[in-house]
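Undergrad: Mind having a look at this structure? Questions to follow.
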Amino acid sequence: MDKLIKTISVSGAFRAYVLDCTETVRAAQERHHTLSSSTVALGRTLIANQILAANQKGDSKVTVKVIGDSSFGHIISVADTKGHVKGYIQNPGVDIKKTATGEVLVGPFMGQGHFVTITDYGTGNPYTSTTPLITGEIGEDLAYYLTESEQTPSAVGLNVLLDQEDKVKVAGGFMLQVLPEASDEEISRYEKRIQEMPAISSLLASENHIDALLAAIYGKEPYKRLAEEQLSFQCDCSRERFASALMSLPKADLLTMLNEDKGAEIVCQFCGTKYQFDQADLEVLINDKT
């Protein structure tokens, strides 16, 4: 089971989230049939989204849009405070040559663009924030967003490792944030540790990458585990929701589907689930509109 662990230093000056999102990203790959580079780009976005949602309370939802001018197209994901996330990539078929070590490159091919977040607090007035893509690596772009937009200095590491068949082997990451109580001396110690931290791919490849991430973040500094939350890829689409969407169409369009197409098929962008509406279903919808 995927999980996110919330921790805080005993001094109260730093907080860190560490995540195992392997099954979440694996589910996304299976649903969207993504090739290597698209899998990693989408996976990193899902992980980033789960970090942002974990910072919220109540029934809030956070949408992340990675909008670049590359062959990936847009990457969109939505996460809630219950650990659920869904998402898709506009072009699932990007398969860029890997490095000599088998690393899948994303940043150099993301292009120019923006990291957009939309936080819906359930009040009808969502808050939107946009920052430029700094590297296109997603993790560094999230760190820049947190530091610039939320005014919380942050370090973020995210990655998705693939096996020899380009299937998801492990996915996860971390976020470390400086809190107002931090002294200059503490900040210097943590900065040095983050700078000397092994590559995120190496930490994720560890036998127990959650413990490896925590050890890399805190070193010998004492910390407390505050909470452990379960994570999963879960879409909230439904036949009823898409029926309502059809009902919003002009009657003429529904008649065209009925008489010419003999039905309608709707595919959820976020999870790939297909919903069939036959002629009888469309007749009911048309009658309900009159």
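Just so it is clear, glycine is given a Cβ too, placed from its N, Cα and C backbone atoms.
The disulfide bond feature in Swiss-Prot is assigned to Cys235-Cys237, Cys268-Cys271; the stated evidence is sequence analysis.
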Undergrad: Would you count the other CB atoms within 10 A of the CB of Cys271 (disulfide bond), including those on all shown protein chains?
TA: 18
Undergrad: For Cys237 (disulfide bond) and Cys268 (disulfide bond), what Cα-Cα distance in Å is obtained after rounding to a whole number?
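TA: The separation of the Cα atoms works out to 7 Å.
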Undergrad: Count the other Cβ atoms sitting within 10 Å of the Cβ of Cys235 (disulfide bond), across every protein chain shown.
TA: 19
Undergrad: Whole-number answer please: how many Å between the C-alpha atoms of Cys271 (disulfide bond) and Cys235 (disulfide bond)?
TA: 6
Undergrad: Within 10 Å of the Cβ of Cys237 (disulfide bond), how many other Cβ atoms are there?
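TA: The answer is 17 other Cβ atoms.
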